[in-house]
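Colleague: Before we start, here is the structure in question, set down as structure tokens.
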Amino acid sequence: MAQLPEYAIIVAGGTGARMQHDLPKQFIEVAGKPILMHTIERFYKYNPAIRLIVVLPQEQLTTWRELCRKHNFKLFHMTVAGGTTRFGSVKNGLGAVMGDGLIAVHDGVRPFVEVETIQAAYVAATKYGSAVVAVSPKDSIRELTEEGSRAVPRTKYKLVQTPQVFQASILRKAYEQPEQEYFTDDASVVESIGESITLVEGSYRNIKITTPEDLILAESFASGN
Ligand SMILES: Nc1ccn([C@@H]2O[C@H](COP(=O)(O)OP(=O)(O)OP(=O)(O)O)[C@@H](O)[C@H]2O)c(=O)n1
Ligand SMILES: C[C@](O)(CO)[C@H](O)COP(=O)(O)O
């Protein structure tokens, strides 16, 4: 059977408010280059023929072009302006995907995703229609209640990461609906149209760089520790 075309929408349309940095966090340098370039490289390492769509804040498109020039970054990708929410950014990215195939959605600020994880997600999505990378929690979990909080069995929970890979028709249909507050990732959007979600084991290194201390971890991972 012929292999389906593989697309990846790398969402980097946020402002990185929680990072409290003067640059959008996806442009902060780790090991000498912007975080977003590390992320793009991981997808090219997985599949040099991948079709990459990078979603950026409208007002950062020129800066990104300049950064690519400065770092002599030549890996081909299309750029698309993002929305005001992650949902809006994914939707805009989807508008640039023509035809059928498998589409991964990945956070631009998860630069340490392993090639094996990306591959496992595409393989599972080929088989089941959707695949979402997740890891088991290491800490205990408490649910907030009206009275305070209560312990819940952590073996019943997974922490969700990206990539999240879907057959194109499923993802398109899911993103036709209006955005809801509980849509925190693509799996929640797809699940809401009645599709089932297959989980794929992720890695604790696949961190989402979110707050300043994550940059210390990121430098350490990038230097091979
Ligand atoms: N309007 C938005 C908001 C977020 N994202 C992307 O979604 C990913 C995960 O979001 P998050 O870590 O929350 O990034 P920010 O929204 O930039 O961070 P913050 O919430 O701290 O402002 C990031 O790669 C971010 O750039 C996006 O493409 N468009
Ligand atoms: C998509 C995600 O990274 C899965 O863990 C996460 O939901 C993004 O959340 P954020 O609040 O947009 O960072």
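Numbers here mean position along the shown chain, with the first residue as 1.
Yeah, the Cβs are placed from backbone N, Cα and C, and that goes for glycine too.
TrEMBL entries are annotated by machine, without manual review.
As annotated in TrEMBL:
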type : residues : note
SITE : R18      : site 'Transition state stabilizer'
SITE : K25      : site 'Transition state stabilizer'
SITE : R154     : site 'Positions MEP for the nucleophilic attack'
SITE : K208     : site 'Positions MEP for the nucleophilic attack'
Colleague: Recorded sites K25, R154, K208: which have a Cα within 10 Å of R18 (site 'Transition state stabilizer')?
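Modeller: So far as Cα distances go, the recorded sites lying within 10 Å of R18 (site 'Transition state stabilizer') are K25.
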Colleague: Take the C-alpha atoms of R154 (site 'Positions MEP for the nucleophilic attack') and K25 (site 'Transition state stabilizer') and report the distance between them in angstrom, rounded.
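Modeller: Per the Cα atoms, R154 (site 'Positions MEP for the nucleophilic attack') and K25 (site 'Transition state stabilizer') stand 31 Å apart.
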Colleague: Does K25 (site 'Transition state stabilizer') have same-chain partners at least 6 apart in sequence with Cβ under 8 Å from its own Cβ, and which are they?
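Modeller: Spatial neighbours, sequence-distant, of K25 (site 'Transition state stabilizer'): G14, G16, M19, I35, V109, I209, T210.
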Colleague: Would you mind pulling the DSSP three-state label for K25 (site 'Transition state stabilizer')?
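Modeller: In the DSSP reduction, K25 (site 'Transition state stabilizer') maps to helix.
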Colleague: According to DSSP, which kind of secondary structure is K208 (site 'Positions MEP for the nucleophilic attack') found in, if we only use helix, strand and coil?
Modeller: coil
Colleague: Would you count the other CB atoms within 10 A of the CB of R154 (site 'Positions MEP for the nucleophilic attack'), including those on all shown protein chains?
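Modeller: There are 14 such Cβ atoms around R154 (site 'Positions MEP for the nucleophilic attack').
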Colleague: My understanding is the cutoff is Cβ-Cβ under 8 Å with a sequence separation of 6 or more in the same chain; which residues meet that for K208 (site 'Positions MEP for the nucleophilic attack')?
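Modeller: K208 (site 'Positions MEP for the nucleophilic attack') has long-range Cβ partners D107, V109, R110, Q161, D214.
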Colleague: Can you tell me which of these recorded sites sit near ligand 2, meaning the Cβ is under 6 Å from at least one of its atoms: R18, K25, R154, K208?
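Modeller: The qualifying recorded sites are K208.
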Colleague: How many other Cβ atoms sit within 10 Å of the Cβ of R18 (site 'Transition state stabilizer')?
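Modeller: Around the Cβ of R18 (site 'Transition state stabilizer'), 13 other Cβ atoms lie within 10 Å.
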